[in-house]
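Taken from Swiss-Prot, the feature N6-(pyridoxal phosphate)lysine applies to K35. What Swiss-Prot records for K35, Y244 is active site, proton acceptor. Annotation source Swiss-Prot lists substrate binding site at R130, M292.
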Amino acid sequence: MATATLTIDLDAIAANWRALDQMTASDCQTGAVVKADAYGLGAAKVAHALARAGARRFFVAACEEGAEVRRALGSGPQICVFSGHMEGDTALIRDFDLTPMLNSIEQLTRHFETLGGQPFGLQLDSGMNRLGLEPGEWEAVAATALEAGPELLMSHLACADEPDHPMNTEQLRAFRAMTDGTGVPRSLSATGGILLGPAWHFELTRPGIGLYGGRPFEEARPVVHLSLPVVQVREVEIGEPVGYSNSWTAEHTSTIATVAAGYADGLPRTLSSRASLFAGRVPCPLVGRVSMDLITVDVSHLPEVPDALDILCRHQTPDDLADTAGTIGYEILTSLGRRYQRRYGALAA
């Protein structure tokens with residue numbers, strides 16, 4: 001079989017949610033971010049696992065994602081949409097009982113005119129300059145918006161993965177200035193904000209990457225294992241090239257395994273001749289270019305070539321691979337290709 005196997009540990013995701021939930025006070029609700037197909041791991045199955053663990057409020061990027069999660073979970077849990085109420089979203093918000101996080105005066109107007117009485121939340125810009133009402137805009141519409149009864153006031157931290165960054169305190173101060181005294185539940189923190197401490201928690205947190213085993217939640221249980229099948233093995237003599245552009249040449253007689261995965265499957269080309277795959281605990285260097293469907297790996301030092309090599313495992317996390325590729329673990333996870341056979345179960349010890 002030439003299809004790689006991506007194993008996803010739903011119990012580990014649930015355990016990570018519970019661990020993050022325990023970091024906050026009992027009167028602080030812990031939500032769950034399942035946008036981008038639950039960071040590439042399957043929103044329907046992940047949302048089910050998180051709901052069983054106790055999550056009651058889910059966050060997605062767009063209404064179409066919210067509809068998928070609602071189909072999976074049925075009625076009950078609240079599903080909040082970060083992009084708010086865009087033009088064309090009205091039917092989805094109504095039919096799938098979604099809660100848009102309105103982030104502009106235009107969206108406020110659209111929502112009140114088309115879905116008056118439908119639950120909504122508000123995003124406020126505390127300094128990231130990405131989404132949300134700016135302080136001046138909020139001051140102008142706060143009385144009207146609060147009278148309509150928002151479910152949540154939220155903002156987002158720009159530098160939460162850097163605990164000592166002054167922006168964290170600046171945004172906390174700005175958020176409090178906009179929301180103190182409103183009497184509405186508030187949310188400022190995703191995973192990084194949870195780790196900053198109780199001052200950033202308010203009434204609701206929204207962990208995302210920490211659920212899926214990523215930094216900055218260093219104590220997270222690993223969630224994914226990606227095993228790539230070996231398609232062919234050949235002996236390469238001294239001076240012979242491997243792969244596109246002859247970018248790697250054998251300096252000694254080498255055993256090269258051609259493995260079924262490439263940039264079409266989410267492996268960045270920047271891994272070319274830089275990354276390692278693993279045979280058990282033994283690292284094996286990737287040699288030559290990452291191509292669309294294939295990579296080549298030097299397995300000369302192995303006593304026997306296995307049927308598959310691991311690229312995500314206990315010895316190389318998504319963050320580790322991201323460091324090698326010059327990116328972040330979020331990108332590695334969300335780029336995991338559709339060709340992988342997804343298997344849900346416990347990871348091998």
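Placement of Cβ uses the backbone N, Cα and C atoms for every residue, glycine included.
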Shortest C-alpha distance to K35 (N6-(pyridoxal phosphate)lysine) - which of the recorded positions R130, Y244, M292: R130
Whole-number Å value for how far Y244 (active site, proton acceptor) lies from R130 (substrate binding site) (Cα to Cα): 40
Cβ atoms near Y244 (active site, proton acceptor) (within 10 Å, other residues, all chains): 13
Chain-internal residues, separated by at least six, CB under 8 A from M292 (substrate binding site): G262, Y263, A264
Densest Cβ neighbourhood among K35, R130 (recorded positions), 10 Å radius: K35
